Amino acid sequence: MNNILSEEVLNVTDFTTSRQLTLWKREDLQSSQLDDVAEEVPVALVYNGISHVVMMASPKDLTHFAMGFSLSEGIIDSPREIYGMDVVPSCNGLEVQIDLSSRRFMGLKARRRALAGRTGCGVCGVEQLNDIGKPVQPLPFSQTFNLGNLDRALKHLNDFQPTGKLTGCTHAAAWVMPSGELAGGHEDVGRHVALDKLLGRRATEGEEWRQGAALVSSRASYEMVQKSAMCGVEILFAVSAATTLAVEVAERCNLTLVGFCKPGRATIYTHPQRLIAD
C-alpha cells in the first residue's frame, strides 16, 4: 500500500459541480444561471478488506479523514498502527482501503458497527443509547491559551474553506497555534468529518501541532467534544453554540469548551483555567 501521507489517487482538483439553477430576487423576475454546488459522495472506510463505515463527505483529504476517524473512534491509539492507505473509486463512491495492524483489526471485528451514510452523522449505527458518550480518559491540564490571540484565528478561518467560499456549503476545522496563527485546516460538508480530517492531520504532523487548540466553524456537539478528547485535544473553540451533552462530556473529560467565538468575545462553558484573558 501507499504511504499514509501519499496523495489521493483520484485526480480531483475541483470539489464543486456547476449546475443550472433558478434564482429569485425581490421585485425581479426569476433568472437562470450557472452556480457552484459542493460535491458530497459516499466514502467507505475499509479495514483489511472489510467495510466498517460509510460516511457522506467531501472527496478530498480522505487519508487524513481515515486517520482521524480511526483515532477519534478508538480503533487505533497511534498512527503507527496503520501501515498504509489507498483511496480508490468504487461503483457508488470512494473507498479508503486501510492496512490495519492485526491486533487492532481483531479488536475492531469484536465491536464492529455499521454506520448509516448520513452527512457527518455520529449516532447512526450505534446499537444502544448507552454507547453514546463512551468513557474518555480525563485530559491533563498541560495547555494554556491567551484569548487575546483568538481574533487572529477567527479572521483567517475562511482561508481553509475554498469550496465553502464558492458554495456556502462546508464546515471548517483548523489548528490554532498559541500565537493565534492557524497551522492548517480542512473543510467538509460534514462538520464531524472536517474535524476528523484535522485530527488525522495533527496526528501525523510534528511537535508544533502539539501546542494549541482546535477551532471549528460550526456548533459543538457531544461527538466533536468526544473526538477531540480521544485525540488529546484539551481546548475546543466553536464559532457557534454547544449542546448540553457536549458541555457534560467536556466537563467530565476535562476539556475546555468555548462557544460563540466572535471577535472580542466568547462563551466559556467548561474548565476556564486553561484560558488567559488579557
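In case you wondered, yes, glycine gets a Cβ from its N, Cα and C as well.
For reference, Swiss-Prot has these:
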ACT_SITE  Cys121  active site, cysteine persulfide intermediate
BINDING   Phe260, Cys261, Lys262, Pro263, Gly264, Arg265  Mo-bis(molybdopterin guanine dinucleotide) binding site
### Summary
Simplified DSSP label at Pro263 (Mo-bis(molybdopterin guanine dinucleotide) binding site) comes out coil
## Note on the structure
Cβ density check for Cys261 (Mo-bis(molybdopterin guanine dinucleotide) binding site), other Cβ within 10 Å (all protein chains) comes to 21
### Query
Across all chains shown, how many C-beta atoms besides its own are within 10 angstroms of the C-beta of Gly264 (Mo-bis(molybdopterin guanine dinucleotide) binding site)?
9
